[in-house]
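Below is a structure I'd like to ask you about.
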Amino acid sequence: MAKSPAARKGXPPVAVAVTAALALLIALLSPGVAQAAGLTATVTKESSWDNGYSASVTVRNDTSSTVSQWEVVLTLPGGTTVAQVWNAQHTSSGNSHTFTGVSWNSTIPPGGTASSGFIASGSGEPTHCTINGAPCDEGSEPGGPGGPGTPSPDPGTQPGTGTPVERYGKVQVCGTQLCDEHGNPVQLRGMSTHGIQWFDHCLTDSSLDALAYDWKADIIRLSMYIQEDGYETNPRGFTDRMHQLIDMATARGLYVIVDWHILTPGDPHYNLDRAKTFFAEIAQRHASKTNVLYEIANEPNGVSWASIKSYAEEVIPVIRQRDPDSVIIVGTRGWSSLGVSEGSGPAEIAANPVNASNIMYAFHFYAASHRDNYLNALREASELFPVFVTEFGTETYTGDGANDFQMADRYIDLMAERKIGWTKWNYSDDFRSGAVFQPGTCASGGPWSGSSLKASGQWVRSKLQS
């Protein structure tokens, strides 16, 4: 329902390739120090690329007393600097970089942890580490046991740890819910991009690192408009860019919704042939991945549910021929309002479901516009069939205007209760209130937190981190 921006036109720029995500234990307090202080610091390399890497910093308090403040000091080799930090205060002097707790994580109770992280510019890894003045590598040779360079255990082998894809595996529909590879209901939460024809420059290595490692998202929705200077103007260019973005998200362990963003015209049949061509190639290329979901019609409008259903039953087989077991999300009547915006509701879908398996139905809402009747429709639908909220905002349906966080919290609570996945609109610096970043943030390369965030950005980041 959100509108296109009044400015910012143009074709997608070339993407920067990224490497697969890595994990590396940089520093751990030595056993002797741990017995004396009981405070450990672990730095884990989460992802790397040609000119840098991102890392998380975890401080653990294994004492019987509360730690009121912590300080981690890392020494980086010449040519490597800290470009961005989250959940910590950062100062530097020469090659020494000091990270201290902020208001919400400086105090650590017994048995508790505090997490932060940074993005390094340059490939050099820490050569020395201290936690509250005690050397992290005391008693260990650099690169030896417990010292810098020691690989950490594979996160995927530890229940509840690792990237979202490592935790949940290939998701599937089970009954009325989305489940992990073991059949346990799971809620995936994350962000939707804006149209990549306008805001592709907001999707960079550093912004996606922030989304994955600082914001703690599980999933990203890649929104590719078909009209409005979108796919129809350059099918090859937009398809190639979607391949790149899928790979970039995959490298960070994120799930991906490939969003065929129809809006105007609202009849999905208008773009049927284009959809078949696009999804045939996307499914063929990415069928072996465990993290890709397909959203085949963003916001159908002005057409009946029967028409939307017939469209879905033509596109789904194209995907299934190439990718037989990934989740497919079908847009619903009335701008994916489950029909509410056009005087209907979930019952029409339940009475005439799409003839396909492992599918879900999309619901979109904008909290300042869509009140209790929409909330009740979501509640009703979640009892009838699988629903994924692939787009929502705290503002009005225009993507702009005042935020209604109180109403948005009611939706968030229901979605948490029913384990309904969601992606918020939108991860860009559009001038409208629905965009999470202040205008100019993307062109400046961040930062992707703090003063760069609008109110809606602060709100959703806190939801994802909780």
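Residue positions begin at 1 at the first shown residue.
Placed from the backbone N, Cα and C atoms, the Cβ positions cover glycine too.
Pasting the feature list from Swiss-Prot:
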type	residues	note
SIGNAL	1-36	signal peptide
DOMAIN	37-139	domain 'CBM2'
REGION	129-166	region 'Disordered'
ACT_SITE	E299	active site, proton donor
ACT_SITE	E391	active site, nucleophile
Hey, which of the active-site residues E299, E391 is the loneliest by Cβ count within 10 Å?
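Fewest other Cβ atoms within 10 Å, among the active-site residues E299, E391, is found for E299.
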Can you give me the Cα-Cα distance between the residue listed as 'active site, nucleophile' and the residue listed as 'active site, proton donor' in Å, rounded to a whole number?
10
Could you pull the average pLDDT for the domain 'CBM2' (37-139)?
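Mean per-residue confidence for the domain 'CBM2' (37-139): 83 out of 100.
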What does DSSP call E391 (active site, nucleophile) in the simple three-state scheme?
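Assignment for E391 (active site, nucleophile) reads strand.
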For the domain 'CBM2' (37-139), jot down how many residues DSSP puts in helix, in strand and in coil.
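Once the DSSP states are binned, the domain 'CBM2' (37-139) shows 1 helix, 59 strand, 43 coil.
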